[in-house]
Amino acid sequence: MEFSSPSREECPKPSGRVNIMAGSLTGLLLLQAVSWASGARPCIPKSFGYSSVVCVCNATYCDSLDPLTFPALGTFSRYESTRSGRRMELSTGTIQANHTGTGLLLTLQPEQKFQKVKGFGGAMTDAAALNILALSPPAQNLLLKSYFSEEGIGYNIIRVPMASCDFSIRTYTYADTPDDFQLHNFSLPEEDTKLKIPLIHRALQLARRPVSLLASPWTSPTWLKTNGAVNGKGSLKGQPGDIYHQTWARYFVKFLDAYAEHKLQFWAVTAENEPSAGLLSGYPFQCLGFTPEHQRDFIARDLGPTLANSTHHNVRLLMLDDQRLLLPHWAKVVLTDPEAAKYVHGIAVHWYLDFLAPAKATLGETHHLFPNTMLFASEACVGSKFWEQSVRLGSWDRGMQYSHSIITNLLYHVVGWTDWNLALNPEGGPNWVRNFVDSPIIVDITKDTFYKQPMFYHLGHFSKFIPEGSQRVGLVASQKNDLDTVALMHPDGSAVVVVLNRSSKDVPLTIKDPAVGFLETISPGYSIHTYLWRRQ
């Protein structure tokens with residue numbers, strides 16, 4: 001649901017404490033101890049008539065954040081984004097020794113430890129690379145810094161399609177010569193060598209954190225497929241263990257070899273992007289069908305051993321890479337087979353049918369059955385459903401969909417969350433089947449400009465503040481409430497709490513940390529906050 005567009009006056013200006021606090025008398029009372037910080041570079045807001053604003057960036061200017069630092073012991077930092085136009089604005093406050101608030105109490109339970117986080121990121125598709133490289137070099141650099149640098153939101157995961165997908169401008173694989181079972185003609189095209197690989201290297205150079213690469217194939221070469229086409233209903237010819245399956249498994253190793261020659265190593269591969277898609281007649285773009293039994297046997301007999309016996313034996317293998325609706329069934333089929341299970345490190349999930357599949361019955365049940373197999377959210381975007389507008393520049397609701405999904409996933413044992421295209425054009429492409437969708441960054445090459453959407457900042461409320469190795473801990477509410485909340489601890493023991501308010505009501509609240517005291521604050525309607533403090 002969209003809401004009325006904010007006026008220019010609602011958008012952020014470099015303003016004093018009085019202006020910032022004037023929006024809420026309750027906020028003024030609760031946060032009187034808070035001093036507002038003015039560092040970094042503010043958002044230049046622009047409204048396109050949707051519920052909030054985008055931040056405008058070009059070759060000479062882009063909003064930015066200061067590198068992450070924790071406040072002194074006894075104080076806390078609060079980063080705030082709101083529908084009315086604030087974007088990760090920093091304030092600091094004093095942790096109180098006594099509880100004076102009367103509203104909601106959130107109590108940190110650090111002794112309750114859950115999963116350790118892998119991280120957050122997005123996909124370097126052909127479309128994303130084309131859009132980024134269509135900007136002038138200075139604008140390209142500011143876009144990449146926004147995502148990957150410590151002045152940005154600190155992404156540490158990049159998903160890389162293995163050859164073409166729908167977000168390509170042509171269909172291709174790395175081995176299109178028919179019946180080349182030895183893959184003698186395997187080669188990376190310019191989409192990899194001129195577009196994706198150089199940009200990935202630039203991202204890695206800008207990042208202060210280690211960045212993990214994740215690869216996923218959409219289709220095999222057509223000569224390995226039952227239908228002889230990149231799209232539509234089709235799977236690998238033959239049976240697991242035969243020449244078709246062995247060749248397809250070796251294709252993964254060839255891909256990893258080729259990227260290694262370009263000095264890029266992968267953290268993980270998924271066995272197939274959306275394997276259920278290739279079981280559907282008339283599926284419009286690149287796919288390769290697997291039933292759970294077929295994927296189990298392909299992993300056990302072909303892909304698992306081939307990776308394990310290669311120089312890439314440290315690369316993790318993730319199964320599924322499809323809708324969580326398919327859980328826990330797919331996990332039961334694959335992971336109860338010891339020959340397949342020994343090669344599987346994790347289960348990747350997509351978000352598109354989450355509205356049909358409650359997290360507890362899918363993610364929760366799968367974790368209960370297979371607690372040692374990690375869950376990882378590998379793809380999400382808005383605007384893909386037939387009833388949705390592809391791009392809604394400045395949609396706050398779409399940002400809230402992202403942060404609500406991330407919090408829900410974290411609460412159900414997921415270790416990372418990956419967006420889809422890093423950047424798209426105002427149409428939501430390019431996409432060779434016109435399957436246009438939205439993206440946290442939209443590039444307008446006619447103006448050498450890019451727009452950072454609310455989705456970008458909602459993601460940043462997690463990615464910047466929750467580094468790899470952070471661990472989710474308990475957080476208990478004193479009463480039923482409309483907030484989405486999650487708590488984590490950094491590897492050094494510092495605390496992070498994210499609070500999302502998807503309602504229109506301001507919610508006074510107190511965060512209690514038994515080790516240090518009480519954080520008195522407020523969650524305004526349609527806002528997201530990240531709180532940080534030292535515990536020792």
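Note: Cβ is positioned from N, Cα and C throughout, glycine not excepted.
Cross-referencing Cys11, Cys43, Cys165 with Swiss-Prot gives Cys43 as the cysteine bonded to Cys55, criterion being a recorded disulfide. Disulfide pairing as given by Swiss-Prot: among Cys11, Cys57, Cys62 connects to Cys57. All protein chains considered, the CB of Asn185 (N-linked glycosylation site) has 11 other CB atoms within 10 Å.
A C-beta separation below 8 Å, combined with a sequence spacing of at least six in one chain, links Glu379 (active site, nucleophile) to Ala123, Arg159, Asn273, Asp321, His350, Trp351, Thr418, Asp419, Trp420. Spatially, by CA atoms, the recorded positions Asn98, Asn185, Glu274, Asn309, Asn501 include one closest to Asn58 (N-linked glycosylation site), and that is Asn501. Taking the Cα atom of each, Cys57 (disulfide bond) and Asn98 (N-linked glycosylation site) are about 44 angstrom apart.
Rounded to a whole value, the Cα-Cα separation of Cys55 (disulfide bond) and Asn309 (N-linked glycosylation site) is 48 Å. If you take the Cα of Glu274 (active site, proton donor) and the Cα of Cys62 (disulfide bond), they are about 36 angstrom apart, rounded to a whole number. The CA atom of Cys62 (disulfide bond) is located 7 Å away from the CA atom of Cys43 (disulfide bond).
Here the CA atom of Asn185 (N-linked glycosylation site) lies 70 Å from the CA atom of Asn98 (N-linked glycosylation site).
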